[in-house]
Amino acid sequence: MATATLSPADTEKLSNLKSAVSSLNQISENEKSGFINLVSRYLSGEAQHIEWSKIQTPTDEVVVPYDTLAHVPEDAAETKKLLDKLVVLKLNGGLGTTMGCTGPKSVIEVRNGLTFLDLIVIQIETLNAKYGCNVPLLLMNSFNTHDDTSKIVEKYAKSNIKIHTFNQSQYPRMVVEDLMPLPCKGNTGKDGWYPPGHGDVFPSLMNSGKLDALLSEGKEYVFVANSDNLGAVVDLKILNHLINNKNEYCMEVTPKTLADVKGGTLISYEGKVQLLEIAQVPDQHVNEFKSIEKFKIFNTNNLWVNLKAIKRLVEADALKMEIIPNPKEVDGVKVLQLEIAAGAAIRFFDHAIGINVPRSRFLPVKATSDLLLVQSDLYTLSDGFVLRNPARANPANPSIELGPEFKKVANFLSRFKSIPSIIELDSLKVTGDVWFGAGITLKGEVVIAAKPGVKLEIPDGAVIANKEINGPEDI
């Protein structure tokens with residue numbers, strides 16, 4: 001790690017920034033020092049330089065195949081003992097804006113009128129009831145989702161799980177021109193601030209007091225996952241493996257498909273396992289990075305981390321994850337926000353591993369096309385678990401492309417009388433003003449392209465197999 005010193009100009013910028021930030025009374029001292037720390041690391045350009053020739057493919061000791069994990073004995077008392085060491089944490093800082101929803105993304109209805117959060121709560125309730133254990137749920141909110149989430153969790157007051165909420169840090173966006181905080185420039189609204197990415201989960205867990213509280217209850221591991229990943233369910237085999245092998249950190253990875261070529265991957269580098277993100281890859285190697293041959297796996301962001309190890313590393317200020325500069329524009333002003341990712345912390349933990357898990361543990365809902373998959377007959381719902389229909393022979397999901405008319409959840413729902421049967425579908429591409437009736441079946445490769453300015457209605461009960469449809473005459 002090269003530690004560069006600051007140029008005189010940057011030293012002055014940093015000192016001006018420090019005094020400006022000290023006057024921001026909206027945030028805590030912890031947040032102020034965390035922010036200044038991040039900016040000074042960024043300015044010093046201490047970023048690790050990856051030497052391409054030193055990258056090695058991790059062995060099965062480092063990225064463990066899921067099939068080789070020991071079986072957990074069917075012993076309710078032993079299972080309870082295992083689960084009583086666990087905490088489930090969902091990253092709940094994101095808004096549903098890209099899908100046209102207001103409020104936290106986790107309150108979008110996924111299936112049968114149940115939201116992401118409902119499903120998570122039902123899953124943990126089922127676990128706690130089955131084994132008589134006490135797995136709590138933690139939600140890490142951002143200032144964008146905190147107020148709404150506090151109201152929403154009230155509806156689970158009668159459930160058998162303890163739900164804790166805490167906030168991740170709130171940092172000021174910086175004006176690119178002079179690196180001053182946007183809130184000091186008269187922009188006092190929410191636009192002046194940002195949450196610094198999910199890498200912030202570790203210090204925020206500590207600063208909120210939650211970490212010490214959990215340790216005092218005898219908790220040992222936290223299972224961290226995005227709240228929109230329906231596949232991220234508690235897995236006893238993984239938990240058992242980590243406890244038996246004293247792994248402080250585990251990242252679940254899964255084989256790449258062509259849809260995942262931009263996802264971060266695990267590498268062995270100078271004897272340590274670490275995350276390699278596309279942003280760290282030199283231009284001449286980007287195609288190699290995207291290839292499925294050399295880098296076969298990608299990070300699902302399902303992470304299992306030892307709580308004592310988090311405390312040790314946060315107290316030592318040792319978690320210096322790669323900084324991701326994210327340029328934005330607010331009211332015509334170019335601003336910069338610096339972010340960190342939780343997956344990048346892997347190289348600071350002892351005995352850190354990846355586990356190469358089945359694709360079923362990665363089922364994120366990022367767009368309405370994903371919603372189509374999980375609301376269809378491709379999946380069933382049982383005890384809050386979204387399970388793949390065994391009637392589908394192909395292990396891969398169909399590829400779904402929906403036009404902008406379907407981008408918002410409300411529009412998406414109004415354009416389907418019911419979700420079509422897609423068990424035998426390979427790919428679907430829909431463009432233009434298309435409306436679907438009830439009880440439709442789609443098979444093979446289907447393209448539905450309405451002519452510009454023409455409304456195309458697919459009638460109830462239609463069966464469309466390997467066809468391109470441009471008008472009613474093609475159905």
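Heads up, the Cβ atoms here are built off N, Cα and C, so glycines get one too.
Copied over from TrEMBL, here are the features:
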type: BINDING; residues: Lys105, Gln168, Gly197, Asp228, Lys366; note: UTP binding site
type: BINDING; residues: His198; note: substrate binding site
Asp228 (UTP binding site): tally of other CB atoms within 10 A of its CB: 22
Binding residues Lys105, Gln168, Gly197, Asp228, Lys366 (UTP) - maximum C-alpha distance in whole Å: 21
Fewest other C-beta atoms within 10 angstroms, as judged across Lys105, His198, Lys366, which are the binding-site residues: Lys366
List of residues, in chain order, with Cβ under 8 A from that of Gln168 (UTP binding site) and at least 6 apart: Gly93, Met140, Asn141, Ser142, Pro195, Pro196, His198, Asp200, Val201, Ser204
Intrachain C-beta neighbours of Gly197 (UTP binding site), sequence separation six or more, cut-off 8 angstroms: Ile324, Glu339, Ile340, Ala341, Ala342
